[in-house]
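Student: Sharing the record's features from TrEMBL:
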| type | residues | note |
| --- | --- | --- |
| SIGNAL | 1-21 | signal peptide |
| TRANSMEM | 69-90 | transmembrane segment |
| TRANSMEM | 102-125 | transmembrane segment |
| TRANSMEM | 145-164 | transmembrane segment |
| TRANSMEM | 227-249 | transmembrane segment |
| DOMAIN | 289-324 | domain 'EF-hand' |
| DOMAIN | 329-364 | domain 'EF-hand' |
| TRANSMEM | 414-433 | transmembrane segment |
| TRANSMEM | 453-475 | transmembrane segment |
| TRANSMEM | 487-510 | transmembrane segment |
| TRANSMEM | 522-538 | transmembrane segment |
| TRANSMEM | 545-564 | transmembrane segment |
Amino acid sequence: MSVKAFLPLFILLIFSGAVYGRFISAVISDGVHTRIDREEVLRLDRSFTGAEEESCEQSYGFLPCTKTALGNVFLILVYGYLMFLAATYLSSGSELLLEILGPGLIGGLFLPVLGALPDAMLILVSGISGSTAAAQSQVSVGMGLLAGSTVMLITVIWGTCCIVGKCDIQNSVAVDMKDTKGFSLAGSGVSTDVWTRHAATIMAVSVTPFLVVQLPQLFHSTSGRHFAVLIALIISLTLLVSYCLYQVFQPWIQRRRLAYVKHKHVVSGVLKHLRMRALGRLCTDEGAPNAEVLEKLFKAIDENEDGYLSRCELKALVVGMRLEEINLNETDAVEKLMTDFDTSHDQRVELSEFIAGVSKWLNEARGSKAPSPEAGPDTVKYLGDLQEETRREHYFLGDQSDENVEAVENPRSITIKAVLLLLLGTVIAAVIADPLVDAVNNFSSATSIPSFFISFIALPLATNSSEAVSAIIFASRKKLRSASLTFSELYGAVTMNNLLCLSVFLALVYVRGLTWDFSSEVLVILIVCVVMGVFASVRSTFPLWTSLLAFVLYPFSLVLVYVLDYKLGWS
């Protein structure tokens, strides 16, 4: 944490006298020092700056404020930068904590909540203070931030990451670290793993509370709006808890899925190897195991002719198989063979166990969507296709077992640093949220620009900039793993916006008895989340042309809100 980080705060304090409560001493030309009347100076100052006669209200009684447009631009920039620092500290502390404690409870529950904290703070303070009428006019700042963050993350930032992380696409897959096709709209792009597709699906589902709270407006009912807000709040909190639980258990789910795919790869590889060495078909026309052929294979593998297959003999069987392609060595394959074949648990495989094991594996292979493995000469091709299918499936699962994980040095000091960064980020976000919202509202009053558009465009740059920079850096590594982390982070941030931040917003509306009147904003969030969520949940490879689709959605969202609210009178 450098001194430069607090430079805007010092500048803010220095300029506070220039923005509010000026005191000027003048020297009269005749040599007599006269103190000009304070009221006269303030009157002259107001006429000079164009400020209104009424004074503004200082946040916390000492932070500067102003009614002029230029003064509020300055305050928005300073407060926005401080909010950016808060988001950066929270992000840095989260990464350090994740490095120490790993995924699960920390990565799945604690860190996503911290990532949405700046947005949640701004939404909360936008309507928690003042009268009900004042809160009703100020909550548009919170809704603008919520909609702006969501739209910016999965349009502008999504498209930028797609361009930065592009690689050559071959056989519908982006090849890691290979970027020779330039800006080919169809020939270059990014690929993500299946977990990223699941994250996109969850993001699309997370808009459900928006639909529920909007139902009374759809049916032109005014009596059920308050109740609809309560129901939407309950659904939002339920989905939030479910999402956090999914994130907590996701590492375990990933390991189980990878173990299953590796097992299937061993099955297809061993069967293909046996079929190529066999002098006949592994199955009869009726689908039963061909005992004669399997007995010959058993004797060929049993090198010491003791009537049993030992671990060493099974390892010799799989040495020629290219299992290293999926980070599975021969020892792992032997363990899977022993687990499935050695039913007597005597650490060796008899002929009857070998026949039963091969029959079991053939039945597993037969259960897939590919053609029947009993097709005689086509069996080898079928098993080869099945092996290639499992290899591709393993690739899209994003296995990290071949990555070197370095031990963390000085975990105690790193933990203390992480906690301090998180506390500092939380304190700054909590303190700056209120004056930032006031500055946005004052600028809106001075310029007659709706506060929604100011918060839609400007505030997400402050609260989500650290996530955006982190995502772009990850994408620039040009690998499936890094691209998956990038887009998963974006989908997760939007999901947290749609659940945690919306829950805060709905609770605020319900407790304070405010009116839910954000039809156009809700429509924009629904369109963007559903379009990008469904699009990203049905495919894993995104050519460069898909970034154009994402970029177009951002100005489309702004224009749509403007037309619906100010031309058609929805709001």
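Backbone N, Cα and C atoms are what each Cβ position is placed from, and that goes for glycine too.
A TrEMBL annotation is a machine prediction, not a hand-curated record.
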Student: Just to confirm my parser: what is the rounded mean pLDDT across the domain 'EF-hand' (289-324)?
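Tutor: Per the prediction, mean pLDDT sits at 78 for the domain 'EF-hand' (289-324).
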Student: Please report, as numbers and ranges, the same-chain residues at least 6 past the borders of the transmembrane segment (227-249) whose CB is under 8 Å from any CB of it.
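Tutor: Contacts with the transmembrane segment (227-249): 104-105, 107-109, 112-113, 202, 205-206, 208-210, 212-216, 492, 495, 499-500, 502-503, 506-507, 509-510, 516.
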Student: Top stretch among 69-90, 145-164, 522-538, 545-564 for CB pairs under 8 A with the transmembrane segment (414-433)?
Tutor: 69-90
Student: Report, as numbers and ranges, which residues of the same chain sit near the transmembrane segment (145-164): CB under 8 Å and 6 or more residues beyond its ends.
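Tutor: Same-chain residues near the transmembrane segment (145-164) but 6 or more away: 119, 122-123, 126, 183, 189-190, 203, 455-457, 459-461, 463-464, 467-468, 471-472, 474-476, 483, 486-487, 490-491, 493-494, 497-498, 501-502, 505, 521, 524-525, 528-529, 532, 542, 544, 546-551, 553-554, 557, 561.
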Student: Same-chain Cβ contacts of the transmembrane segment (522-538) under 8 Å, 6 or more residues past its ends?
Tutor: 146-147, 150-151, 154-155, 158, 192, 196-198, 200-201, 203-207, 210-211, 213-214, 487, 491, 494, 498, 546, 549-550, 553, 557, 560-561, 564
